[in-house]
Amino acid sequence: MSEALLNTGRQTLMLELQEASRLPERLGDDFVRAANIILHCEGKVVVSGIGKSGHIGKKIAATLASTGTPAFFVHPAEALHGDLGMIESRDVMLFISYSGGAKELDLIIPRLEDKSIALLAMTGKPTSPLGLAAKAVLDISVEREACPMHLAPTSSTVNTLMMGDALAMAVMQARGFNEEDFARSHPAGALGARLLNKVHHLMRRDDAIPQVALTASVMDAMLELSRTGLGLVAVCDAQQQVQGVFTDGDLRRWLVGGGALTTPVNEAMTTGGTTLQAQSRAIDAKEVLMKRKITAAPVVDENGKLTGAINLQDFYQAGII
């Protein structure tokens, strides 16, 4: 029994791979035409399909939308009962139907023509009514389905998904869509956290900023270290310009060397030190800390004025790893 299950599973995968391997050679003028129509679309790409084609169509619409092409899915039956009103003349419709003869098309195609809406077809029958009505046809035909009964859409749905990915990626690259663009449409994801967050989004503010004046003593700085627990204190002049930092390490070295706690902190601090810009990308700031092997740093504004503080734990808590 187990061997039979494995054999069927492997055979299914082999058949799907075999059919999918024929797709690249089919890409030609129609693929380029479809991509250009989408690229020059001033509205949205409306993806539609019935049954398994509809399920794949939802994924294709989602992929387009997340890679720079506004898109949504509409079910053909819903389209014929009011949702055609969602589609405007500046939109493009991508209709998926393996047979290319879905009965809904008899009613949808004339309405698209009335509105001068460009129709793209993804079908296994390029000479079907759908294929003949479309401005570009993407051929997803298969010699056989992977289903042992040759009935359930299997190889054909894989081909549909792959053709949709190929189209979306070609359009994405042509748009110059980059990582930051992707992050803007995925703000809650790990990539969004890495690329969209700025230092000022994560930094500690107000009373949570460890700081003392240049005139403060080592004792004052030690108490501030203890209060904030950040591992450093920013030492600032009267204009809030950071002149140096006093760290846990500086304190240990000062005490081991016999330094007095009443000494001005500017004699014990690390002059200058690393500061981070509030408007910098958080991922870049984290890399600065990692490269310099420090765990925290003061944050300054464009004028060099102290405005916050941040440590590595703040990055990790924001999902920037």
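Just so you know, glycine gets a Cβ as well, placed from its N, Cα and C.
In Swiss-Prot this protein carries:
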- Gly49, Ile50, Gly51, Lys52, Ser53, Gly54: ATP binding site (BINDING)
- 68-69, His75, His81, 107-116, 141-143, Thr215, Glu267: substrate binding site (BINDING)
- His75: Zn(2+) binding site (BINDING)
- 34-177: domain 'SIS' (DOMAIN)
- 203-261: domain 'CBS 1' (DOMAIN)
- 269-321: domain 'CBS 2' (DOMAIN)
- Lys52: site 'Catalytically relevant' (SITE)
- Glu104: site 'Catalytically relevant' (SITE)
- Glu145: site 'Catalytically relevant' (SITE)
- His186: site 'Catalytically relevant' (SITE)
Beyond Gly49, Ile50, Gly51, Lys52, Ser53, Gly54, what residues of that chain have CB atoms within 8 A of the centre of the ATP site's CB atoms?
His55, Ile56, Gly57, Ile96, Ser97
Considering every residue in the domain 'CBS 1' (203-261), what is the mean pLDDT value?
95
Recorded positions near Gly54 (ATP binding site) (Cα-Cα within 10 Å), from Lys115, Glu145, Glu267:
none
Fewest other Cβ atoms within 10 Å: which of the binding-site residues Ile109, Val142 wins that one? Let me know.
Ile109
Just checking: which of Ile50, Ser53, Gly68, His81, Glu267 have a Cα that is within 10 Å of the Cα of Glu104 (site 'Catalytically relevant'), counting only these binding-site residues?
Ile50
Cβ-Cβ distance under 8 Å to Gly51 (ATP binding site), same chain, at least six residues away:
Pro153
Among the recorded positions Glu104, Glu145, Glu267, point out the residue whose Cβ has the most other Cβ atoms within 10 Å, with all shown protein chains included in the count.
Glu145
In the chain carrying Ile50 (ATP binding site), residues 6 or more apart in sequence that have Cβ under 8 angstroms from it:
His75, Pro76, Ala77, Ser97, Ala102, Glu104
Name the residue among the binding-site residues His81, Leu112 whose Cβ has the smallest number of other Cβ atoms within 10 Å.
His81
Using Cα positions only, nearest of the recorded positions to Leu112 (substrate binding site) (Gly49, Lys52, Ser53, Glu145, His186):
Gly49
Using Ile109 (substrate binding site) as the reference point, find which of the recorded positions Gly49, Lys52, Ser53, Glu145, His186 has the shortest Cα-to-Cα distance to it.
Gly49
